[in-house]
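Report on the following structure.
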Amino acid sequence: MRLGVCFSLAAAASVARAALTATENDTSIVLENDRLRATFDKGRGSIIDLYLDGQDFLGPQSGSTGIGPYLDCYCTPSGFYTAGSTNPVTELVQGTDSTGTKYAGIILNDTYTPTGQEFQQYWFLRDGETGFHMFSRLAYYNETTPFLRNLQELRTLFRPNTDLWTHLTSSDLQTAPLPSDEAIAEQIVVQDATWRLNNTPDDAYYQQFSEYFTKYTFSNHWRDNDVHGLYADGSTSDGTTYGAWLVMNTKDTYYGGPLHSDLTVDGIIYNYIVSNHHGEGTPNITNGFDRTFGPQFYLFNGGGSSSLEELRDEARSLASPSWNADFYDSIAKHVIGYVPSSQRGSVKGTIKLPKNAKSPIAVLTVDGHYFQDNSAVPSSHQYWADIDKNGRFSIDRVVAGKYRLTVYADGIFGDFTRDGIVVKARKSTSIKETWKPESAGTEIWRLGTPDKSSGEFRHGAARDPTHPRHPPEYLIYWGAYDWQSDFPGGIDYMIGESDPATDFNTVHWAVFGPTPDNPVAESNTTHDWRIRFDLSAKQLHARKTATLTIQLAGAKAASGNTDVYNASEPYANLPLRSYINEQEEPLTMVIGYDQSSSCIVRSAVSCYQVREKWEFPASWLKEGSNLLRLSLPTNGTNYESAVLPTSVYVQYDALRLELK
């Protein structure tokens, strides 16, 4: 086997050692070492041929397939734009980095004439590696039109057109055979970008993974996602296996923090640099906007008989901000806006955590803003690190500046935040804090686990028992399940007796359906949910104030994932009303149009977080049986231009009742 499978972070991305060459003519640039050869089309602004050990990784060009990696966006007034489509100007740069390693880079410059938006895309190949270091830049300088629009999507794509690739993977749980050409030809569209494959029941994807295929099935949180890509098992390449991967070796120029989730791979390998698929905020493109994103690394490996897991592990071994940091410093002179090591510091901290805090994480984002809203400051950077059992964490290579520290953990309501964390270049900032969990008295009950996810409830993270790869149920497609069969009488949950995994749904619909198997939408049993609980005289004795906390892992108002207010929609801002016993006036949470997310309909159980706490008189409660009724608008729907469910909905993270 030509490749080792256990690589240290200091290891190169392959064992290639021959000198790198770069040749240019009027129409193309070719970058090549002894294993990897790439041809760049100067007129198109994209790589059009890519070979590893003589194996074609892209296949023939056909429209927008058989090319990549390349850059496009949804960011012009008319929508989509592919960098290089107007007047591509390319530059070839070459040099030797601080380690004595040769490199060559292609820089694409393109200006979208109607607005003056400037695009730059960078591809760098180092000698001894079989992949491309990628940076992307968007700039907008226009005093006449100081506000253009939001940067709704910015992404790079590796888009093959070949039967070489047999599997796609974004995690151990999200690994599957690619649907066959026959399955794709015979598929039935059931939702935007979602197919039913029951016309080809012998297809490997159908047999092993799911009856439904959607690009959203392979989306992931950025906290959990380091590498994703395609695998060739050798069945179409004479027994030789290959991999193509997007390695997220840095994440500091994305937005949304560790809870940002996005598409990864669906036959195309994406690097979704900016998007709002699951409701995350996106930056506005205003006069002076100038942002360089990256680096990330597209790795191409294989050439022997390595398994998918082995090739993926090789890619994952490179997913560290320290990998190739010296190289990035060497090429900073070529990359406008890249922040070199000389302008970065580090943070080390100790947090005394609440009892029973699980999977704690420390997050650094822009000062003064909720961490999921850091796109409000487009120039901001973001970092995070797991906190160990002793409460310690460390984060290196932090761009100098002022940050907010956020700490959260599974099992704990609320977050710890501290503004004003100053990071200085080439200095280490120390933090020592105590996180005192929020409390409004004695906890009477909680429903769900506060972990910023609705996955613990029915059809959430539970594994699908009907397919041998057993994907989590929420990843498959919401319409694969039937509300009327699961909850014929609606939700009637008894604290202390009911099981959250079966008796509480992962999503609270105002209206459920229609689905592929049931053309009738259900609203009578969906919009009102009942939670019953008993209280004793002892629990109520001398209590004056009760506090109800509701944390949502996601919610969809009429704005969906767009953050656009539409006055014609009655649920542009969505009310969730909580009624206590016989009280006629509810405790009302209003989910704003800019807090809405397309969560479960895009196969997610953790999106933009929304929470509310209410104090109310303890006299509203009584000894014996009590009722909390959670109510969404009856028949609450909105207009959808795409093939998506029209219902508004919420997804509960956790609820809690306290008394004092």
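Any Cβ shown, glycine's included, is placed from N, Cα and C.
What Swiss-Prot says about this one:
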type	residues	note
COMPBIAS	453-466	compositional bias 'Basic and acidic residues'
CARBOHYD	Asn25	N-linked glycosylation site
CARBOHYD	Asn109	N-linked glycosylation site
CARBOHYD	Asn142	N-linked glycosylation site
CARBOHYD	Asn284	N-linked glycosylation site
CARBOHYD	Asn524	N-linked glycosylation site
CARBOHYD	Asn566	N-linked glycosylation site
CARBOHYD	Asn635	N-linked glycosylation site
REGION	446-466	region 'Disordered'
SIGNAL	1-18	signal peptide
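Within the same chain, the residues at least 6 positions away from Asn524 (N-linked glycosylation site) whose Cβ sits under 8 Å from its Cβ are Gly490, listed in sequence order.
Asn25 (N-linked glycosylation site) has Asn142 as its nearest neighbour among the glycosylation sites Asn142, Asn284, Asn566, Asn635, going by CA to CA distance. The shortest Cα-Cα distance between Asn635 (N-linked glycosylation site) and any of the glycosylation sites Asn109, Asn142, Asn284, Asn566 is the one to Asn566. Sorted by the number of other CB atoms within 10 A, the glycosylation sites Asn25, Asn109, Asn284, Asn635 start with Asn25, the lowest.
The two recorded residues, Asn142 (N-linked glycosylation site) and Asn566 (N-linked glycosylation site), show a Cα separation of 28 Å. A sphere of 10 angstroms centred on the C-beta of Asn566 (N-linked glycosylation site) encloses 15 other C-beta atoms. Rounded to a whole number, the C-alpha distance linking Asn284 (N-linked glycosylation site) with Asn566 (N-linked glycosylation site) is 18 angstrom. Taking the C-alpha positions, the distance from Asn109 (N-linked glycosylation site) to Asn566 (N-linked glycosylation site) comes to 37 Å. In the three-state DSSP assignment, the secondary structure recorded for Asn25 (N-linked glycosylation site) is coil. Look at the region 'Disordered' (446-466): DSSP puts its residues at 0 helix, 4 strand, 17 coil. Around Asn142 (N-linked glycosylation site), a 10 Å sphere centred on its CB holds 16 further CB atoms from the protein chains shown.
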